[in-house]
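Data first, discussion second: the structure below is written as structure tokens.
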Amino acid sequence: MGARASVLSGGELDRWEKIRLRPGGKKKYRLKHIVWASRELERFAVNPGLLESSEGCRQILGQLQPSLKTGSEELTSLYNTVATLYCVHQRIEIKDTKEALEKIEEEQTKSMKKAQQAAADTGNSSQVSQNYPIVQNLQGQMVHQAISPRTLNAWVKVIEEKAFSPEVIPMFSALSEGATPQDLNTMLNTVGGHQAAMQMLKETINEEAAEWDRLHPVHAGPIAPGQMREPRGSDIAGTTSTLQEQIGWMTNNPPIPVGEIYKRWIILGLNKIVRMYSPVSILDIRQGPKEPFRDYVDRFYKTLRAEQATQEVKNWMTETLLVQNANPDCKTILKALGPAATLEEMMTACQGVGGPGHKARVLAEAMSQVTNPATIMMQRGNFRNQRKNVKCFNCGKEGHIARNCRAPRKKGCWKCGKEGHQMKECTERQANFLGKIWPSYKGRPGNFLQSRPEPTAPPEESFRFGEETATPSQKQEQKQEPIDKELYPLTSLRSLFGNDPSSQ
């Protein structure tokens with residue numbers, strides 16, 4: 001950390017920490033951004049010590065700028081950080097990153113005009129190529145510098161560690177900037193393993209070379225003196241062309257960028273290989289219930305790199321699928337932010353979602369909303385929200401129940417008005433075992449014990465002084481009663497059900 005922190009002096013560090021990340025934003029540059037930029041440069045096999053001077057920052061910008069259109073968001077952030085650091089070294093007054101990029105663009109435009117003017121003054125209208133590894137020596141000749149072992153080592157290390165994951169493509173693009181077809185073949189030949197993938201890459205290159213030959217047929221007739229022959233597909237692939245021919249095509253007027261053409265073919269084949277090594281579709285990337293949003297975004301963009309689609313389609317996937325495939329907690333937050341939210345705002349808003357702190361906040365908000373019994377009834381499914389008017393059994397008034405009644409307690413049953421029992425023991429209008437209401441005028445229902453108390457007064461016959469002659473039918477009934485009492489005692493079924501109404 002100490003070596004990286006020495007990039008800026010005291011006064012430069014003060015100016016650095018006053019620059020805003022975005023126009024009108026609150027966040028400003030800090031020392032951690034320089035540390036992050038140093039680590040990213042080490043990943044791309046670039047010396048982080050170049051950040052200590054404005055000239056070193058200019059060299060880094062020259063290498064990163066051609067990859068901005070096809071690079072990832074991390075590459076764009078790295079370019080913006082180095083551009084801002086360059087302005088600090090040059091003591092250029094800026095307020096935010098946008099102004100730094102504008103200053104860089106102005107300087108590049110001025111330098112380009114100066115180079116064109118110098119070329120016009122010397123009678124050479126062609127622009128001087130400064131792309132590595134083709135450089136101009138002191139005699140003005142275009143010479144080739146072989147690709148460095150350090151670059152090859154970085155490329156081999158990436159293949160060994162990452163195999164053919166999506167980040168291999170931008171790494172290859174950065175390491176092969178300005179390379180000739182011979183340099184590109186050297187990089188491909190250093191790959192020892194993964195021969196199946198390399199065979200697929202060769203097939204893709206052969207297909208693209210055949211397509212080039214079909215679209216660019218050879219012109220009939222001899223070649224004019226002083227002119228070079230037109231490259232064929234095999235010449236672009238470096239199999240039938242020499243290094244001097246490749247340099248001549250790349251520096252000719254007008255130039256034929258055989259190195260860039262061959263590089264596009266290789267990247268096209270690498271995309272197919274990455275697709276084979278990463279069979280997961282972007283549609284299958286979904287956030288787990290307890291997965292942090294940051295890890296989900298990392299998986300999403302890693303899979304998005306492997307998608308063979310245009311930048312417009314990838315932008316649509318990012319705007320739509322990133323929110324759609326998030327878990328319910330994060331999706332609620334992201335929809336509340338709106339469609340214009342940046343990735344930084346999304347990650348800040350969803351930070352900590354799924355953890356114990358977030359669950360406690362959600363529970364507290366839910367409990368704070370439930371403040372009255374009506375809300376609880378709504379949550380339990382009682383959507384009628386209608387309260388029945390209660391009636392007191394004691395006084396007969398509405399608005400309260402008998403438990404809270406202030407009137408004197410009424411004696412007897414609150415249902416039938418009779419004394420001797422309570423309302424819960426009342427049998428008035430009670431259904432029998434058949435589910436029918438027993439009429440009150442018939443006495444106790446049939447499903448109750450038919451307890452008939454014996455009369456205490458003497459029978460009517462004892463008050464009569466003269467005996468009346470009984471009819472034969474009355475005698476028969478008197479004989480039948482003792483028999484019934486013997487056959488059907490009080491505890492029998494007949495005493496339970498009484499006289500059967502259906503037999504009467």
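Cβ atoms are placed via backbone N, Cα and C, with glycine included.
Among the residue ranges 16-22, 100-106, 205-211, 436-442, the one that Swiss-Prot annotates as motif 'Nuclear export signal' is 16-22.
Among the ranges 138-155, 246-263, 390-407, the one that Swiss-Prot lists as zinc finger is 390-407. Among the residue ranges 12-19, 92-99, 236-243, 420-427, the one that Swiss-Prot annotates as region 'Interaction with host AP3D1' is 12-19. Range 411-428 is the one annotated as zinc finger, of 411-428, 447-464 (source: Swiss-Prot). According to Swiss-Prot, the feature region 'PPIA/CYPA-binding loop' maps to residues 217-225, out of the candidate ranges 163-171, 172-180, 217-225. With helix defined as DSSP H, G or I and strand as E or B, the region 'Interaction with membrane phosphatidylinositol 4,5-bisphosphate' (73-77) counts 5 helix, 0 strand, 0 coil. According to DSSP, Ser148 (phosphoserine) sits in a coil region rather than a helix or strand. Every protein chain considered, the tally of other Cβ atoms within 10 Å of the Cβ of Ser148 (phosphoserine) stands at 13. Taken together, the residues in the zinc finger (390-407) have a mean pLDDT of 84 on the 0 to 100 scale.
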